[in-house]
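Take a look at the structure set out below.
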Amino acid sequence: MQRITVLGATGTIGVNTLDVIARHPERFSVFALTGHRQVDRLAGQCRQFRPQVAVVADAAAAGELARQLSGMNVEILHGEAALVAVAASGSVDAVMSAIVGAAGLAPTMAAVRAGKQVYLANKESLVVAGRLMMEAVAASGSRLLPIDSEHNAIFQSLPADFSGDLDASGVERIVLTASGGPFRGWSAQQLAHVTPEQAVAHPNWVMGRKISVDSASLMNKGLEVIEARWLFNAPPGRIEVIVHPQSVIHSMVRYRDGSVVAQLGVPDMRTPIAHALAWPERMDAGVPALDFSLLGGLTFEKPDQEHFPCLGLAFDALREGGDQPAVLNAANEVAVAAFLEKRLAFMDIPRLVQKAMHQFAGRVSNSIEELLELDAEVRRHLLCSLAN
């Protein structure tokens with residue numbers, strides 16, 4: 001039986017993870033659940049899964065959770081140190097890293113350094129600290145299994161014995177598919193008037209607000225390009241993005257002999273979650289079978305980088321190296337939050353990100369602490385700029 005900590009249990013990935021775990025009580029035992037400030041949802045999850053530990057953001061949330069779980073034998077902790085503790089605990093075999101944003105970086109690194117099997121849904125761990133994260137994986141013997149549908153699809157489409165050498169495996173290119181988001185085909189005039197309500201309405205996937213905006217701007221795909229570089233040791237010139245509006249093909253691998261291997265499925269995050277949790281086996285995810293007779297057609301087109309420049313900015317950050325991906329990520333988080341609060345126009349998101357990349361060019365951090373300091377510095381600078 002696998003003992004697991006779920007970081008970010010109350011978010012979309014966390015909820016889907018627990019849905020899969022609930023289908024296989026004989027395989028999994030939940031050691032810890034974390035839920036930031038969604039106390040009501042976390043309390044319900046604690047009643048169902050009976051973890052030994054629950055972690056929230058602060059003392060106020062911890063007090064409310066304790067009140068709701070009165071009489072239950074669960075240790076309630078709060079703060080980043082508690083997240084790190086449950087991620088690295090000797091009582092767990094594996095960690096689902098599903099906290100959104102840079103807040104997930106420290107506990108994910110702690111899990112890796114402790115040699116855990118890490119189910120990686122937190123993009124920022126590789127976007128912000130890819131080099132450091134992969135060095136830690138190599139040093140500790142940890143294993144990263146990707147949860148993003150695209151990276152999980154690539155993982156499934158590569159040879160089972162893939163060891164990080166594309167040439168040795170006969171791989172030409174990795175192809176990430178993108179839905180194109182809700183604004184695919186829109187004009188510049190239309191994009192100038194996009195509202196947060198429109199941006200969070202993804203055509204194919206059920207996701208959180210931040211990642212929905214990233215999908216709409218194609219920044220999500222840009223972050224995935226950076227992740228793919230580290231997960232599969234793929235230079236930017238061997239990563240390709242294609243728009244596939246139906247979201248049935250989740251990603252592909254082009255091989256030297258002309259073959260293309262793809263992973264298909266109904267757009268449901270429980271599939272990649274179940275694949276990772278059961279790897280190298282397979283188990284039921286509760287997902288309906290893909291009915292080819294109902295598909296109609298599968299279409300593809302090049303991404304529109306003129307109207308959606310965030311994808312190009314991510315490639316730029318990857319090529320420039322150093323801390324540019326971390327700067328891009330921090331700036332994007334600030335910009336998206338401002339957009340959701342209706343303080344920034346949708347098309348100003350890439351402008352703000354590009355401005356930050358110019359202002360913080362040339363930085364190179366050599367520790368998680370330095371990266372987090374840079375992250376905070378970028379955020380402070382941009383928040384001050386927005387306030388003025």
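Quick reminder: no glycine exception, Cβ is built from N, Cα and C everywhere.
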> Of E64, E224, E240, which does Swiss-Prot put in the Mn(2+) site with D148, E150?
Replying inline: E224
> Can you pick which of G185, G208, G222, G237 Swiss-Prot lists for the same NADPH site as T10, G11, T12, I13, R37, Q38, N122, E124?
Replying inline: G208
>> Show me the subset of D148, E150, N220, E224 whose Cα is within 10 Å of N122 (NADPH binding site); these are the binding-site residues I mean.
In response: D148
>> Of the binding-site residues K123, D148, E150, N220, which one has its Cα closest to the Cα of T12 (NADPH binding site)?
In response: D148
> Taking D148 (Mn(2+) binding site) as the reference, which of T10, R37, G208, E224 (the binding-site residues) have a CA within 10 A of its CA?
Replying inline: E224
>> I want the residues beyond D148, E150, E224 whose C-beta is within 8 angstroms of the mean position of the Mn(2+) site's C-beta atoms, in chain order.
In response: K123, P146, S149, H151, N152, L176, N220, K221, E227, A228, S251
